[in-house]
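First the structure, in the form of structure tokens, and then the observations on it.
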């Protein structure tokens, strides 16, 4: 079902949705990025259309809403464990097709990999409705088309929105929301559009030809010199899902505390360090190789699609100007030409 | 020939080694200049000077080899510079065709600041220009420099007032991934103000110098860029008598406080300057009145922000140049 | 969010309390803790072991029965330091078991050789016990165990018992006066093995990464094919559930796909 809203109309819709949902969208936080006087574009709660930042790619993805950077697993008091009870909060997340597809990757790990579902992820994920933002021109570093994550299927979203000069056109799939939409807008025909060509194109290496011989290639030693292991590529990535589990004791009472998890990144020191100090991937170039292979090969071997969605955030945030898309293309060339 | 050297000097021209040859000094408030003025300065150097330019330590230009006879004409020529680089930012210039109205208070210099530099906590040029507007023209000899961060690349520690940018880093534990990039960096490069305990970062406010490095290091924006503050170091100097580094006077001062104390300096000088000397620099006046007097007068009427710390005592050591080395 | 005391069994991150029944000192820094247990265990599986407030670590089950299990723990950090302060009657917190473990069917009626380096003996100890009690299910059975020195020897009392039933070759890298056993790296002793029926031989190699690497090379030199070599990998793990990602090597999650692998399947994989 397609609808057309005026700006006012859409704001009224948001207002009514806000009764039941916490609505997250990319926003602009004035002067809040790391460098002074730079704005931070990131996800936060919104109440109106004007707050949504559509002109610039967000530095972080919507991942942190469903997989919080730090999340309490349970509290303990005198050895007894208490899990925080589920909340009834429901969420609407505005995001582009690449980021919607990133959630498919997270779903694989948290809900399908291993013998059990991750209940912490699941209890948030179940309460999310996706509002996909139509994205037909992308940004400079995007390569979603190459990663086949430029499109979404109708079942992947509750609503699909086209932001126009004087309002919003959209399609609603979610029956629960259809009433809210239809009561405030005129019905139109709506056909979602997707970007068909990015400025950056990536050629994935031929899976058949990709052997471990390439692990020794000097391609990676270049990154040993360039990478500084800051982990920004991991934290900005919408599909990186690794975490570390830690305990803390509350200062007041040494008998109570919490076990929590927080994001981990394969580029950051300590990721493979075992108790006693042995480290399986000390070299930064090896970390780049490991991440690259995970994003464009290993994940795909385990599941049906590659992990990387081509959002290009890792390129945008790397302080050493390491480009992931460039790395993939270099790898493909090496494979084509023979290692 | 008869010239009033005092008038020439006040007009920002220099009395040089060569009789009847002067050098024009051009101020660049905040150290940032629209490139269009360079062609004008080049023209003056070619036409009236000897075709060379000297770049001064205070980020100005000096055009040597100008004949005394030409100085009024040169003044007319530099009118667009006074117009564009002084009047435009609010400096009161009665007639831009008469050259610089004063030379005592030196060009307010600044590092490149946050228009370019990743470390800078504010726009140094913009603030330097505001200070220039407030204190220029003035005959009293005061040197001020602004640095974007406590690295002090502009060498504010050798000025009467070194104004160093600070930022309050605000930690959000819920965004912290415990990578310790901020803690390690603070230990290696700054003051070890950060530590990591119970899986969270602790900031020792006494040790923190507000450099903002932790904000820059963080891969998750767990350190939020908070309010902007300043450290003010005072009465550093070179000179023939007693060179010394400036010492901290204010820490965590707001911009308004910094602006206000700089404005107050002139009344203090007015009251205490030894007029029997040709031009007594402010540092020597403070040496004479003592820091407590200086502090009392310079803070008069200044509404301090609650975060602002003030030095109780200051002991400038420096060294006496006359001593045997 | 309010706290509820519901101890959901569906939450795989919650641990269960287990009483320490007995503590055995192995070396200066390694102790074996026997804990009450109702886990259904397989040889070579591991548990996530914790003390709330001090963290959690993956630790191999070094032996088990229906009533108890044993964990052999080296003092290497905050959690294990704290565990070493515990006494009989105190509690540890366990969740698991995790990993595939050794499938005895793969060794049924075979010549089984187990080469273990240092703490690598812990994950195969239960398998050794079972094999020793069921020698009729194997054609031959031999254990080679290498340690740094006499002071780091583990399971001394078990080894004495084992030797009444099957061969256990003990070796130390560095000898000392009281040492009456072999000397030299375990690899040297592997090289000296006489394997009579290689086609019917299965080899298990467990230990620190360099020990495993070079021991495998020695077995290969003896003519043992890769698919008759079995390894157990140790990696950093934070969940045991295939989520946290620390133990991933290529498309393997050691915590769920391993830690036991047939070497032919993993010989190419690189961290």
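Even glycines carry a Cβ here, placed using N, Cα and C.
Pulled from TrEMBL:
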DOMAIN    C:13-104  domain 'FAD-binding FR-type'
BINDING   C:239, C:244, C:247, C:255  [2Fe-2S] cluster binding site
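Positions of TrEMBL features highlighted on the structure.
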residue: C:239; record: [2Fe-2S] cluster binding site; DSSP class: coil
residue: C:244; record: [2Fe-2S] cluster binding site; DSSP class: coil
residue: C:255; record: [2Fe-2S] cluster binding site; DSSP class: helix
Per DSSP, what is the residue tally for the domain 'FAD-binding FR-type' (C:13-104) in helix, strand and coil? 8 helix, 48 strand, 36 coil
Local confidence of the domain 'FAD-binding FR-type' (C:13-104) - pLDDT mean: 96
Non-site residues, in chain order, whose CB comes within 8 A of the mean position of the CB atoms of C:239, C:244, C:247, C:255 at [2Fe-2S] cluster: C:58, C:237, C:238, C:240, C:241, C:242, C:243, C:245, C:246, C:248, C:253, C:254, C:256
Which of C:244, C:247, C:255, all binding-site residues, has a Cβ with the fewest other Cβ atoms inside 10 Å: C:244
Within the chain of residue C:239 ([2Fe-2S] cluster binding site), which residues six or more apart in sequence place their C-beta under 8 angstroms from its C-beta? C:13, C:48, C:255
